[in-house]
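Colleague: Handing you this structure, nothing more for now.
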Amino acid sequence: MATAAATTNAGAGATQVIRTGAGSRYVIYTLLILFCLYYLLPLYVMVVNSLKPLSEIQAGGMMALPDALTFAPWASAWSSAQVGVEATGLRPYFLNSILMVVPAVAISTVLGALNGYVLTKWRFRGDTIVFGLLLFGCFIPFQMVLIPMARMLGLMGIAGTVPGLIFVHLVYGIGFSTLYFRNYYQQFPTELVRAAMIDGAGFFTIFRRIMLPSSGPIAVVCVIWQFTNIWNDFLFGASFSDFDSQPMTVALNNLVQSSTGVKEYNVHFAGAIMAALPTLLVYIVAGRFFVRGLMAGSVKG
Amino acid sequence: MGFLDIKKATKTYGTVRVLHETDISVEEGEFLVLVGPSGCGKSTLLNMIAGLEDVTSGEIAIRGRRMNDVRPAERNIAMVFQSYALYPNMNVAQNMAFGLEMHGVPKAERDKAVSEVAELLQITQLLNRKPGQLSGGQRQRVAMGRALVRQPDVFLFDEPLSNLDAKLRVDMRTEIKKLHQKLKTTIVYVTHDQIEALTLSTRIAVMFGGYVQQLGTPKEIYDNPANMFVAGFMGSPSMNLFPAKVGMENGEAVARISLHDGETATLPFASGNAMAVHDGREIVLGIRPEAITDEDGADRNSKAIHKLESAVEVTEPAGSDTFVVTQLGGKEVTARFRADVEVKPGDRFPFAVNMEKAVAFDPETEMRISG
Ligand SMILES: Nc1ncnc2c1ncn2[C@@H]1O[C@H](COP(=O)(O)OP(=O)(O)OP(=O)(O)O)[C@@H](O)[C@H]1O
Ligand SMILES: [Mg+2]
């Protein structure tokens, strides 16, 4: 429905522009297209150069389309390029990232939803202080917690492992996801919860049957936010992982650094696209809900 | 002991007491209305009965069972909320069946109960719709249906009609009344609309400032208000309250009322000489508009119609009646004339006062003076 409204709005806007004059419309579109090109240029450079043999890049044709189209750089980046000391390609690290990001996003979103539910519908003495502390957690600079966190992970026996990274991202993620869900649930009518209580539903039944089915938009916002942040994180990945638990971002850095002799730019480009692809995909799949969710929040609250 | 007993119940938020010691005993099948202005504690009391708010002190019992620490779901009550509170993700049938499902009623029985109630409320054709696809009046019905399928001991209504437009509100009011007469369940109903209170209830609790000001049948509340607040709050237009002084004339207790032009009108009390003990006392006299009429419109069964002449200030024709405003004791007083009486602002006009319906209050305590 929101999309329908948006398109009709856009339509109305367009007809108005036509009335004010076709000339201004062309100016606007030309400008928009120019901006579009400007923003797409880096992507173009990456894609084009990841499909060329290295010799073509070295010949100085960064902007040109490939003469001899090749997928070898992609294959190399994926499975055989030198990353650090081993020539494994990015594949194992890509898997590490997936293994890290999926549970971290899922758990932090569910816990955020539960926290938001409790903080708005099952209020208790001191709940605002608890929420305040959670919010405070969002804004502690990453660098400040590096050493205490390393010590914690060591004590918990998960230092240098993927579960350790999941834990770190959970700790940071819950603050944000709680913030999102709390603000969303604040608008959620409390009378519905009370009605369900009288109907005989318990704490978790109300959460599952009444709250969650109405939480789609904010869940999408939360998932996209968490996914992007955790996937793109470099600092925690570099600080808390071992060789066999490094996430994609760290591996990409190692790939670029560890090439001996000639820099294989085409392989680097291919690897960089691989690292960016999942977030891109999440945006494309869930992006329209993202805008919708943000708007729903802003209109109501 | 009644069916629903509220014994010395109080409610305190932090240091603020929003409900003072309250005692109400509701019989089975009664329709109790809690009425009062905004913020008087009606919803708080209702939520305490429902178990949605804790009882600070005192006790709430249903069928003789103490309910203070019983969860809402186990009190066998159902509630209709002001916003209807229909679950937006479920259709009408699922909404209505949810409570039964939570109480472990098998699917077949649930379906049967839902279709019976849907028939009763004439919402069968809506069963597959989502709440978002219903009009306000339909939502209201569904909310009632959801309460009805549970067959609870007590129904609780929190301003169920306040979101409807004026006409629909009157229709639904009649419908709720019919439903109560048919099903004879015990109902506690919150409203701030005194007309709703008078038309629906078998008993009314008028609340103000966290106190129950008066508890009684609609007739008791209307004819014998316990204090000036109840007198002014119940009835529309509200009861005229104006200062007067008790005096004696020919051995009879009378009320002396100063008129606009400095003269004094004298109206004998109908209650014989019960008021004589108050000789010389300043009082507030309360007379409802329908007890101040034109001469021909006066109640023929009353033995205490007295005339007084006063200047008409404003006339407000209202179709079936004309409300005439004059001044008595320095206060504006509304009288109810028949519609076809010729009366103009500025006229001096004879008003007929039915002293059988007059009540007296103490101006200091605002409480009723017997007499
Ligand atoms: N959670 C709370 N904390 C503090 N005070 C509260 C709380 N809930 C209600 N109150 C106060 O209690 C009083 C009674 O509230 P209540 O909701 O019972 O009023 P009401 O009679 O239902 O009014 P309305 O007609 O506006 O619904 C009000 O003064 C309100 O401010
Ligand atoms: Mg209320």
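Here the Cβ of each residue, glycine as well, is placed from N, Cα and C on the backbone.
Remember, TrEMBL labels are computer predictions, not curated facts.
Checked TrEMBL, it gives:
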- A:94-286: domain 'ABC transmembrane type-1' (DOMAIN)
- A:26-47: transmembrane segment (TRANSMEM)
- A:93-117: transmembrane segment (TRANSMEM)
- A:129-150: transmembrane segment (TRANSMEM)
- A:162-185: transmembrane segment (TRANSMEM)
- A:206-227: transmembrane segment (TRANSMEM)
- A:269-291: transmembrane segment (TRANSMEM)
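Tell me what's around each of these sites.
Modeller: Residues of the same chain lying 6 or more positions beyond the ends of the transmembrane segment (A:26-47) and with a Cβ under 8 Å from any Cβ of it are 17, 62-63, 269, 272-273.
Residues 83, 134, 162, 165-166, 169-170, 173-174, 176-185, 207, 211-212, 215, 219, 222-223, 226-227, 230-231, 241, 244-252, 274, 278 of the same chain lie 6+ residues outside the transmembrane segment (A:93-117) yet bring a C-beta within less than 8 angstroms of a C-beta in it.
Residues 3, 45-47, 49-50, 73-74, 76-78, 81, 90, 94, 97-98, 101, 216-217, 220-221, 223-224, 227-228, 231-232, 248-249, 252, 255-256 of the same chain lie 6 or more positions beyond the ends of the transmembrane segment (A:269-291) yet place their CB under 8 Å from a CB of it.
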Colleague: Please give the sequence-distant neighbours of the transmembrane segment (A:162-185): residues at least 6 beyond its ends with Cβ less than 8 Å from one of its Cβ atoms.
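Modeller: Contacts with the transmembrane segment (A:162-185): 96, 99-101, 103-105, 107-109, 111-113, 115-117, 119-121, 131, 134-138, 142, 149, 153, 156, 211, 215, 217-218, 221-222, 225-226, 229-230, 233, 236-237, 240-241, 245, 247, 297, 301.
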